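Single-structure report; data block below.
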Amino acid sequence: MEIAVAKHAGFCPGVKRAIRMAESELEKAPEAVCTLGPIIHNPHVVNELQERGIRILPDDKATLLKSHITGTHIVIRSHGISPDLQQLLMERGAHLVDATCPTVKKAQRAAIRLVKEGYNLFIVGNAEHPEVKAILGHIDGEAVVISEPHELKNWWSNQTRKVRKVGLIAQTTVDLFMFRNLVDELITEVPEFVSEVLEVKVINTLCRNTLARQSEAFQLALSSDFVLVLGGRNSSNTEFLRKICEITGTRTLKIETADELDLAFLEGVQRVAILGGASTPNTIVEEVRQKIVGSG
Ligand code: SF4
């Protein structure tokens, strides 16, 4: 069986940077380093960091406020946090280490700019994702988060005032098809869009590394007869990779570790592609590859 490992499997630059910053903070203050929620969506990496002393604080504000945070060194993960939470943590005596990915910061700045310029802002993405919540926190919630075309129509049908300026950005890790489809649907499926709107500004906030990963996933899925997508169950960029591969019709399986791989799935497979999400370490990719090599 031929095995094709994606060139873009393994940590993305934003995740590498966040982990590097957490590790360097551990050297300075071994007893005091915390993250708000798991630093990345990969339980194995998170467990390792916990064993080395990193503590995980709750990432919801209400529970967080009940925790002891004075004197802690809090590493802000790559998704970022809202300015009011940042302020609050500093007031409570925490030392903040900002590992927000520079690409996510660009999305935050794009949102701030569009709202300041009076655009009705739409964010394509998942409203529950920490990155989207943080972006909303930078603009006092002044945006509509959409992930399905019908949400656009519903929102428009509830408007009492005419909408003149529309701004669009995306959660950095959504898939390109979803972003393009929603922009297309806005124009073709919402009748008010053509009759009311005078100005549209789309800012491409998609992460370049994610786009490269998605495009490679699509190509590899087309040229293979089985795809293994490796990543944390709660990692949204990994889930998008799975969906992209499934669109091609190639059998696709998402797993977190080599232990979860049942080799019976690969019976009769000629070429298997191995992909990894942005928070999947290369060690897991290699373990899965070795397991397949060892079986043949
Ligand atoms: S996926 Fe992209 S935006 Fe997200 S942390 Fe990695 S490099 Fe940054």
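Every residue gets a Cβ built from N, Cα and C, even glycine.
Just so it is clear, the model here is predicted, and its values are computed rather than measured.
Summarising the annotation, TrEMBL assigns [4Fe-4S] cluster binding site to CYS12, CYS101, CYS207. Note: CYS101 ([4Fe-4S] cluster binding site) has non-local neighbours PRO13, GLY14, VAL15, ARG17, ALA18, SER78, HIS79, GLY80, THR172, CYS207, i.e. same-chain residues 6+ apart with C-beta under 8 A of its own C-beta. Secondary structure at CYS101 ([4Fe-4S] cluster binding site), taken from DSSP and collapsed to helix, strand or coil, is coil.
What TrEMBL lists as dimethylallyl diphosphate binding site is HIS41, HIS79, HIS129, SER235, SER236, ASN237, SER279. Cβ-based neighbour count (10 Å, all protein chains) for SER236 (dimethylallyl diphosphate binding site) stands at 23. In the three-state DSSP reading, SER236 (dimethylallyl diphosphate binding site) counts as helix.
Counted within 10 Å of its Cβ, the other Cβ atoms near HIS41 (dimethylallyl diphosphate binding site) come to 25, all protein chains included. Under DSSP, HIS41 (dimethylallyl diphosphate binding site) is assigned to coil, being neither helix nor strand in the three-state scheme. TrEMBL lists HIS41, HIS79, HIS129, SER235, SER236, ASN237, SER279 with the feature isopentenyl diphosphate binding site.
Remark: ASN237 (dimethylallyl diphosphate binding site) has THR173, THR210, ARG213, GLY231, GLY277, ALA278, SER279 as non-local neighbours, by Cβ distance under 8 Å and separation of at least 6 in sequence. Marked as (2E)-4-hydroxy-3-methylbut-2-enyl diphosphate binding site by TrEMBL: HIS41, HIS79, HIS129, THR172, SER235, SER236, ASN237, SER279.
Residues within less than 8 Å, Cβ to Cβ, of GLU131 (active site, proton donor) and separated from it by at least 6 positions along the same chain comprise HIS79, GLY80, VAL104, ALA107, GLY125, GLN171, THR172, THR173. Per TrEMBL, the feature active site, proton donor maps to GLU131.
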If you draw a 10 Å sphere on the Cβ of SER235 (dimethylallyl diphosphate binding site), how many other Cβ atoms land inside?
22
Out of HIS41, HIS79, HIS129, which binding-site residues lie by ligand 1, with a C-beta less than 6 Å from some atom of it?
none
